[in-house]
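Visitor: From TrEMBL, here are the annotated features:
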type     : residues                          : note
ACT_SITE : B:140                             : active site, nucleophile
BINDING  : B:11, B:12, B:110, B:168, B:301   : NAD(+) binding site
BINDING  : B:139, B:140, B:141, B:194, B:195 : D-glyceraldehyde 3-phosphate binding site
DOMAIN   : B:2-140                           : domain 'Glyceraldehyde 3-phosphate dehydrogenase NAD(P) binding'
């Protein structure tokens, strides 16, 4: 059993903790957090051992009735791998303490690629983690693009991919984030850094990206164009993508018109926190004109990297093959959406008691 | 066992169906729906018998691989009580078919009060349902106000309550609703109809309401003033409210600053669909100045009426006492939030992998 700790128990950390705890070959030894807020309380309610990430703040945990099991150092002494889910940039500051405890570490995509020996997605870069002391799971957007472009490149060849990323402004509880009432080019300089980030896990595929921020919180939306090297039909593209376990082709008849309905779908399925671990692609958006492929996909910024973190742990700590690891992760989490709805029906009823 | 059917499987209907299925003394015989969208599919995945609400559209269900168990009439033949969760106004149109099948019916607050023999909340009007053939659970906002004002009136006396309702524009998947980028007085004529609606379940309490719509989807927010007949301290008010099972006093140290964080809290607790069945009141907002009480509370428009529907069924179909019914409902659903966080701590970490 792989002994795993999670440092940082926010949006990503709490999901990674749950995912690790669900794996048959991993033990979640505990989670470390800086401040004792409602998320810290929820960790205790889930019976996770809670550690104080900042040893100078253990008294704050005790003051609110959440006495920590120890400090981050205590947690690191017990684990084979730590997953760093701290805010962007804080991970790099933590590198020294991880090295001091001689633990392998998985960083998140908010860190610079130089923080780790390799960047990671399970679909495209599993083997890069084999001998690494530290890997970085690329960001939610890069993960979503690599998952999409890898099978397209393998089957149809990619001359150039051009993607507009319409990004969510913040996560649902981040009320202090913008933008409000605007769509802001960010960064305004083109192309954006997202393309090169995709290349850290999918080298050799030419991809230009343009990114903006919108006043939404549920998901990112990608408007994708790929100039292919061949001329498949749209149905051939759909069938290829439908075979990928971490891609979900939204059926035309489902009445799912955006991120709100996608989250509703996930919550109706009983998904924890309404999480969508899969890229969500509109099947009817897939269009091929000559060698140009077009489609829309959504990426759940809180969730899509979670199975990737699990696979990164397994890639570093075992000799499990990529396909086997992904299958184990997916089965333990419940990744993989299937719908029998594939024909045109009406839009959903609007059934709500009046307010 | 009370045999229950649900007609209308949207925002409210699917939640009521789950709540009924969870009760120890009720059987969910099936759900009826007009169109076979992703919500219909989710009902089948939950192994609920799915009925076609419109007998002329059964072929649409068959066409998408969701053959119905029958029509609404077939469902009504098997139940003691039907819960009508159809869009506002459609319930009244359904009254004839319910009467023809001689079933008791629970309507939602989108219907006029005249649709039923009595209006209902469990806390204030349980006994009104005893001999009724039809009751109407009042709207989410009226439910939330009755739950709050009833204990305040009982303990401290209410001279006048004045409430500004800042309402959500639509539910999370309702992308076709407004307003966008505005806060719209609605209705602009004052006072709004919400006060009289509260009086259908809480007569004798003077309450004036003003309502607006805001471009949010998660919850309604109430800004409450009550001129009391006595002069309790703020702590006395807090203690009174904390004793009510369907009120949740948000602790000061939790780092919960709005609806986004409240939903995050509910999802971290593993609540189905992140539902908040309780009024959510900010404990630190409770303020008393002379005889004037002030506070903020949030109401989850998709969820707070759900336990009320369950109690309405039990009130009509059994001789269970109100307190016993509410306790049974709450235990089966998991209603009742408790937090050990009650002291000041910092705001939550913002821990998210960069996008």
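Keep in mind that glycine also has a Cβ here, set from the backbone N, Cα and C atoms.
Unlike curated entries, TrEMBL annotations are predicted automatically.
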Visitor: Just checking: which of B:11, B:168, B:195, B:301 have a Cα that is within 10 Å of the Cα of residue B:140 (active site, nucleophile), counting only these binding-site residues?
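Guide: For residue B:140 (active site, nucleophile), the binding-site residues whose Cα atoms are within 10 Å come to B:301.
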Visitor: Given the recorded positions B:140, B:141, B:194, B:195, which pass a C-beta cutoff of under 8 Å against chain A? Sequence order please.
Guide: B:140, B:141
Visitor: Could you check which of the binding-site residues (B:11, B:110, B:168, B:301) sits closest to residue B:194 (D-glyceraldehyde 3-phosphate binding site), going Cα to Cα?
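Guide: Looking at Cα distances from residue B:194 (D-glyceraldehyde 3-phosphate binding site), the smallest one goes to B:110.
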Visitor: Looking only at B:11, B:12, B:110, B:168, B:301, the residues listed as binding NAD(+), what is the longest Cα to Cα distance in Å?
Guide: 16
Visitor: Within 10 Å of residue B:141 (D-glyceraldehyde 3-phosphate binding site) by C-alpha distance: pick out those among the binding-site residues B:11, B:12, B:110, B:168, B:301, and say none if nothing qualifies.
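Guide: Neighbours among binding-site residues, in sequence order: B:301.
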Visitor: What is the Cβ neighbour count of residue B:194 (D-glyceraldehyde 3-phosphate binding site) at a 10 Å cut-off, with all protein chains included?
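Guide: Neighbour count, Cβ to Cβ under the 10 Å cut-off: 24.
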